[in-house]
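S.K.: Okay, handing you the structure first.
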Amino acid sequence: MTEAAGRLNGKGMSGAALALHLMKLRTFIALFAVLVFFSLAAPNFLSTANLILMSKHVALNALLAIGMTFVIITGGIDLSVGSIVGLCGMVAGGLILNGIDLGFGYTVFFNVPEIILITLAVGVGIGIINGLLITRLNVAPFIATLGSLYVMRGLALLSSDGATFANLVGRPEYGTTGFATLGAGSILGLPLTIWILIAVALAAAYIAGRTPLGRHIFAVGGNERAAGLSGIRVNRVKMFVYMFSGFCAALVGLIISSQLMASHPATGETFELNAIAAAVLGGTSMSGGRGTIGGTIIGAFVIGILSDGLVMMGVSSFWQTVIKGIVIIAAVVVDQAQRKLQQRVVLRQMAGEG
Amino acid sequence: MNLTEWLERNRWVWSLLGVVVLWAILSVATSRFSLHSLSGVAASASFLVLVALGQMLVVTTGRGNIDLSIASVLTLSAYASIVVTQGLDARLPLAFGAVVLIGLVTGAVNALLVVAVRIPAIIATLATGYILATGTLIANRWAAGFGMSPLLKTLAAGRIGGFPVMLLVALLAVVLVGLLLRRTVYGRAISAVGQNERAAALAGIRTGRVVASAFIASAVMAALTGMLLGAYVGGAFLEMGAPYLLQSLGAVVLGGSLIFGGSSTALGTLFGSLLLVLIVTTMQIVGLPPGTQDIVQGLVVIAVLALAGGQAVRRRRSRASPA
């Protein structure tokens, strides 16, 4: 930042504008940097098989990060996504293995599409609870979702007494087979997971850029009071973002259990950090009002490539958490530097015109 | 001063009432619950009290400040104290120094990120917490096979005439922090910053320093607690700090401190911690399956905040509207 400020004083406006452009493109620059670095440092990094494998890893975090982006744009935060992933995985696993015991000797089994719908509904339902806590009961978002983080993790543990639901192949006579397709299937050579990501990302980008709802999300984050006074139903917008975040988390829970053909109650711990990191790295402002879906996805790729590349180079996976923590902090620092610089450039322009 | 006003000023009364009621119910329901078992609850609550007091200071400074790194600080300090003491009393000062250093450094980093770089506390402390968690994974490899320093063990688990030493430590801390908040310029400054940072700054308070000191205090408290807790349970393990994150927040809000900052009560945090540990103990006595503990704690925190937080917002709005 000091460098940028120095340039501002030395060469005037053009230097500052250039620095501003560089900062706006920082996510691309970061993506380019990690790609070049690892293709040189790690053999086989650029092979098609590896790229597809990495995309599959990245897709999970990217899905969570898309939901998180909307939440952060409204000025909130959703710390419960990791627990929702765990709980939804357990819901899907439990429904496939055990069905729902009605209590008098009957057990209802659902087929896989129904199970997927039920699980997604659970995710959205948790989002509704988060949203109600935040909008109706005025609980601060970080507390409300921290509380539901614990509650949902507890429910996940409770659902199986801490055990894993393993071997989710289902039984043909109940019609519960075929769960593996979600995680392992592929269309036109691309894994289904990536198609899901593409679909969700396009839908989210459409909502953000082309619909009134999208404009309202940004308006609420930019200035909640002004948004409310200009007739936006702030509470409904907030409800939507937490529901959408819950939906994305439920999708991830389903995909992970389908990939592993097992659901473990601890799945998804610390996923919230990855999702926040991707969103922040992609240019979403923690103070709300700014962010893009495209940026978030690139952010998710930077983080995913970073962690997979480090594993390929044989760097201990311990260090990945450290690197992620540092990446988040660095991203926020650059974001704030950008905002200060932008204000200064705008001021100079106004001064120049006046 | 009428009763409602008095209750409004002394919000810790509710948590004390909760402790008394829950204890009475338990004593009647299970005949084995006695004053002695309450002192056992108090001993294990003492650790929570220490962590929660630090968390309370951070919360008091307002702006949604919160310390999410305490869980990792606590665990890492437990490991550090074990690795450094190697079961010898002679090395205890060294371990104390190491643990305080961990607290100081973490607190300073948190403070730097929050105050100087202006990263939201929740993100900054989450990130530093994860970085430290990596440290605990590494420490976990070294710490195998070391014993506990006997002196530290006496301090953490010993009793004087049936009265847990740890409880004395916790009570002392409560009194000190309580006096600090109520009777010193610094304590008033913390509350002032939490109520209105700009007004506090205009009144000549160095708000940055005040907020920074709260983060440092919180981390140091968590670090010392980790050292004592390690001695109490007789070792360190990776998840030992995890419950204290939500519980510390829970104790603070149960005790009647405002989550938006500006008004805190050390006494309330003491009773809040007792109440929370009593609730957890109750669940263990009833023998509820794993996971229920998390659910109940999460629900308690959300419920208290839904009740108190709504009230605080209304109060704030009514205060803000004439201006």
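The backbone N, Cα and C atoms fix where each Cβ goes, and this holds for glycine too.
Model, not experiment: these values are computed from the prediction.
OK, TrEMBL features for this one:
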TRANSMEM  B:12-35  transmembrane segment
TRANSMEM  B:41-59  transmembrane segment
TRANSMEM  B:66-88  transmembrane segment
TRANSMEM  B:94-115  transmembrane segment
TRANSMEM  B:122-143  transmembrane segment
TRANSMEM  B:163-181  transmembrane segment
TRANSMEM  B:210-232  transmembrane segment
TRANSMEM  B:244-262  transmembrane segment
TRANSMEM  B:269-289  transmembrane segment
TRANSMEM  B:295-313  transmembrane segment
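Could you place the listed features in the three-dimensional structure?
M.R.: With a cut-off of 8 Å between Cβ atoms, the residues of this chain six or more beyond the transmembrane segment (B:41-59) that come close are 65-67, 70, 74, 121, 157, 164, 166-167, 169-170, 173-174, 177, 190, 194, 214-215, 217-222, 224-225, 228-229, 232, 244, 247-249, 251-252, 255, 257-259, 261, 264, 266, 269-270, 272-274, 276-278, 281.
If one looks beyond the transmembrane segment (B:94-115) by at least 6 residues along the same chain, the residues whose Cβ comes under 8 Å of a Cβ in the stretch are 65, 67, 69, 73, 76-77, 80-81, 84-85, 121, 124-125, 127-128, 132, 149, 152, 208, 211-213, 215-224, 226-227.
Through the fold, the transmembrane segment (B:122-143) approaches residues 64, 66-73, 75-76, 79-80, 82-83, 106, 109-110, 113-114, 236, 238 of its own chain, all at least 6 residues removed from its boundaries and within a Cβ separation under 8 Å.
Same-chain residues lying 6 or more positions outside the transmembrane segment (B:163-181) and placing a CB less than 8 Å from one of its CB atoms are 39-40, 42-43, 45-47, 49-50, 53, 56-57, 60, 154-157, 187, 190-191, 221, 228, 232, 264-267, 269-270.
Outside the transmembrane segment (B:210-232), and at least 6 residues removed from its termini, the chain residues within Cβ reach (under 8 Å) are 44, 47, 50-51, 53-55, 57-58, 60-61, 65, 67, 69-70, 73-82, 95-96, 99-100, 102-104, 106-108, 110-112, 114-115, 121, 148-149, 152-153, 155-157, 166, 169, 173, 186, 189-190, 193, 200, 240-241, 244.
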S.K.: Report, as numbers and ranges, every residue of the chain located at least six residues beyond the transmembrane segment (B:244-262) whose Cβ falls under 8 Å of a Cβ in that stretch; write 'none' if there are none.
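M.R.: Contacts with the transmembrane segment (B:244-262): 11-12, 14-15, 18, 47-49, 51-52, 54-56, 59-66, 68, 70-71, 74, 191-196, 222, 225, 268-273, 275-276, 297-298, 300-301, 304-305, 308-309, 312-313, 316.
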S.K.: Same chain only, please: residues at least 6 beyond the ends of the transmembrane segment (B:66-88) with a C-beta under 8 Å from a C-beta of the stretch. Say none if there are none.
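M.R.: That would be 51, 54-55, 58-59, 94-96, 98-99, 102-103, 106, 110, 121-122, 125-126, 128-133, 135-136, 139-140, 142-143, 146-149, 152, 215, 218-219, 222-227, 229-231, 235-242, 244-245, 248-249.
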